[in-house]
Ligand code: FCB
């Protein structure tokens, strides 16, 4: 019954203008870290340090997208995917972070963008998906307020070169993750730890989020400008005040902080007193600098978190109760599958008066795929996607202004500190042979995307749209 319901999902239920795509990021797919003038990013550096990445893997080759983008885009087109979200590698374009522009780097993205357009695929470009030029890290990276100038320079170079053809832009990918994992826990690049790194990096990234938006808008009023946030639906472990307060603190940090700064709400000092340390880094005009009216927000959701009070955890006094401890089936990442969480989050973000448009810019799941007789029968991923897409539809039907959905990810790729073992792709990659196999979930997405296109041109359908 259930499966039937989800497999009956129709693209046309979402309306003709709904955007369907897939997402990815430069570092996770491109490879070729030093080709044609590119220099190291913090992830090139970090992934070569001992003990940082699962089994000592690195992304030197990854999906070799730098050389194989033409074939990959053709495959994408064959799967009826018309919107492609990818990021630009800052150190391919400005190898030292600032100063001398690397023409060959710009040329690569020119070719990629032109190829997308030639195939009828709309590019959605993320400016920063975590791969800061290493040269800038050596000057303090996100902890140095100078990054406002470095980032502005980079954004200007990108938009002046690609802004004629790229109409959809996202400034940052998931600030909380690169700040939390990379500047507090030290488990992602650049491996910085502690509140002394987190606070200034958080403030400067929040400023760049808005400043980047303004630079894009100044370049062309008609660009569609967004930024993306990681978000998880948060619930209290037990129905008691302490856990509820803990859940509220986590919700505030995970789901609200970066959006609310852009909306002009300021820092939530009441819920998260430790953020007061930011005052040291605050300049007179920062209240205004932090604000920007994004055309859309990209929300990226994979799971929900169950939170309980934990007095011994610094700053948050809260901890997650892992899904495995709750005896639940999880994805390869240990994440609970909870489609209703996406529904609740969509409602939550839609309720902000300043949020104009919401796109789900990432959603997907890693499962241990196996190639058998040339096929990948990834039933679990297919069901995961169907259920999350159905949750999106439920929200849309209730009036939520959600207008797009991008699967993470088109192909399997380098999953940061987890290396290659979590496979998120609709397309399987045999890394040794660099072969691509469309998984069953990818075949399902292809057919799902085809549905309304075929009907679109039938007489009946076009009449019903006009009326
Ligand atoms: C998100 C990241 C993306 C990918 C997915 C699984 O947090 O934006 O790069 O790693 O998770």
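Every residue, even glycine, has its Cβ placed from backbone N, Cα and C.
Counting Cβ atoms from all protein chains shown, residue 173 (substrate binding site) has 25 others lying within 10 Å of its own Cβ. Marked as substrate binding site by TrEMBL: 28, 129, 173, 302, 408, 415, 416.
Residues annotated as active site, proton donor in TrEMBL: 174. According to DSSP, residue 174 (active site, proton donor) sits in a coil region rather than a helix or strand. Counting every protein chain shown, the Cβ of residue 174 (active site, proton donor) has 23 other Cβ atoms within 10 Å.
What TrEMBL lists as active site, nucleophile is 362. Within 10 Å of the C-beta of residue 362 (active site, nucleophile) there are 25 other C-beta atoms, taking all protein chains into account.
Among the binding-site residues 129, 173, 415, 416, the residue whose Cα lies closest in space to that of residue 362 (active site, nucleophile) is 173. Cβ neighbours within 10 Å of residue 408 (substrate binding site), excluding its own Cβ and spanning all shown chains: 23.
Separating the Cα atoms of residue 416 (substrate binding site) and residue 174 (active site, proton donor) is a whole-number distance of 14 Å. Residue 174 (active site, proton donor) sits 8 Å from residue 129 (substrate binding site), taking the CA atoms of both as reference points. Non-local neighbourhood of residue 28 (substrate binding site): 59, 62, 63, 409, 413, 414, 415, 416, each in the same chain, at least six residues away, with C-beta under 8 Å from its C-beta.
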